[in-house]
Every structure is written in structure tokens, then in C-alpha cells.
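Copied over from Swiss-Prot:
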ACT_SITE  Cys160  active site, nucleophile
BINDING   Arg22, Arg180, Ser181, Cys182, Asp183, Asn191, His221, Ile222, Tyr223  dUMP binding site
BINDING   Asp183, Ser282  (6R)-5,10-methylene-5,6,7,8-tetrahydrofolate binding site
Amino acid sequence: MKQYLDLCQRIIDEGTWVENSRTGKRCLTVINADLVYNVDKNEFPLITTRKSFYKAAIAELLGYIRGYDNAADFRKIGCNTWNANANDNQAWLNNPHRKGVDDMGRVYGVQGRAWSKPDGGTIDQLRKIVDDLSKGIDDRGEILSFYNPGEFHMGCLRPCMHTHNFSLLGDTLHLTSFQRSCDVPLGLNFNQVQVFTLLALMAQITGHKAGTAFHKIVNAHIYEDQLELMRDVQIKREPLSSPKLVINPDIKSLEDLETWVTMDDFEVTGYEHHEAIKYPFSV
């Protein structure tokens, strides 16, 4: 939790104002931030200086794992984060590749499960990684990438957290996740939960111990309409102890994640927090 607040303070102290053309707002911005999550110790990085909700973040991750491309599918599993980008983003509404209400296009999980090949076929990146790791194989290329510039025009949003690189050392699995851009007050809370949970799940379904997750962010920013709440409220609160994430031990395969797993299979224990803060969201 301290590393999160340290990043927020760094942005406030050292950040540069940058105009964001997509949102029409200014962002206080720093370049390069590194966060580390001790998955092996189950120090779940759920923000404690404001009330935070983990289930929507895990639901979104589950939707990516399943390759969902429709906001309605995300809603069914408890995640509403794609409603605005699918239906309120004017550039996407005018895009000829949009198939209709709730369509997200070829974003995130679609790329992870069905990356298009020149011959017309697709590559299931996640399946390959799971198969390798289950056999104890790390070919130094166990990489899940959502970043496909050739199809950016076919989706409502470029991926922010775009690449997950798995590394197997002995019987311990580690993860390095790369993020090009991060809305620190709102998005990072989601992203931290997802990086942690992705490593925990992948270790569980491939039969390994979970090690450390490394989260690398390039552009870390606070929007101008979020700054006052962060600077004058959240950052002044004392962080509390990290909670624990409990995952149903019956989840043993990628097929389980694709079929029957729900948010009831995840529980956070020992979560103490300060009062909620409602930050503005920028579409």
C-alpha cells in the first residue's frame, strides 16, 4: 500500500501537466513507475486508504481470459467497466467496425485468445502459455500480449495494461506486467488486483507456486479533476494492513476459468479500509 501512496505523492510533487487529446483533460504525469506484489505471501494489493471493490476487477480479468468482446458479457459476470467505452465513446460509435450496442471490437482478451494471423487463422496465446507452464516449460517467451497495432482501428480502446510475461524459476512462477498508461486514482486499483490475481490463478492452474509479480507502468497520471481529492483527502490517510485473497482450490485448469468459475470463487479476508472516495472517470 505504501508504494501506491508513494507513487501518488511522486506525481503530485514531480508531475508535468500534459493535455490528453482523447479526454480533453489535463493530466499530471510522470514517466516510469515500478510496483511489486508479493503474491507468495498473499499480500493482496487492495487499496486501503479508500473503500475499494475487487470483484469487478477480477471479473474483468476473467472476461479477458475468456476472450470476451462484448460489454454485455462482462456485465453478466459482474463487471460494468466496458459499458462506457463500448457505448459512449463517440469515435467508436462512428467506427464502421462496431457491430452494435455493447460491441467492444478486437480488444484485450480477443487478442489474447484469437490473435489474427496473415493466413486467416488465429493464435491462442494464453492456451500456449498454460500448456507450456503445465509441462514445466519456460521458453523465455511465455508472453501474453493484447497490443496489436494492426487492429487498433477495430476496437473501442487500445490496451492500457498490454503485456504479461511469465517466468518459471524452479517450481515458482513469476509475472512481469507492462502498462503503457495508468489512471492512478481509479485504474491502478483495478490493475494491481488483476496483476496479482493473474499470477495467483496461473500458478494454481499450472501446478506451481506463486512468486512475485512485477508491475511496470510507463505513463502514470492523475487527471486534473481528480487531483484535489487525491492531494487533500486520500494521500493524507494512513494505510492499513494488506488483506488476503482466497481463491477456490477447485479451480485447476484453463477450462475451469472458461466455464464455471464465478466471482463466488474469490474472497478477500481481513480487509480494513477508510471511507469511499468517488473519483471522476474519463471516457
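Numbering starts at 1 and runs along the chain as it is shown here.
For all residues, glycine too, the Cβ spot is worked out from N, Cα and C.
Bear in mind that the values here come from a model prediction, so they are computed numbers and not experimental data.
Mapped onto this structure are the features recorded in Swiss-Prot.
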| residue | record | Cβ contacts under 8 Å, 6 or more apart |
| --- | --- | --- |
| Arg22 | dUMP binding site | none |
| Cys160 | active site, nucleophile | Gln179, Arg180, Ser181, Cys182, Gly187, Asn191 |
| Asp183 | dUMP binding site | His221, Ile222, Tyr223, Gln226, Ser282 |
Going by DSSP, is Ser282 ((6R)-5,10-methylene-5,6,7,8-tetrahydrofolate binding site) sitting in a helix, a strand, or coil?
coil
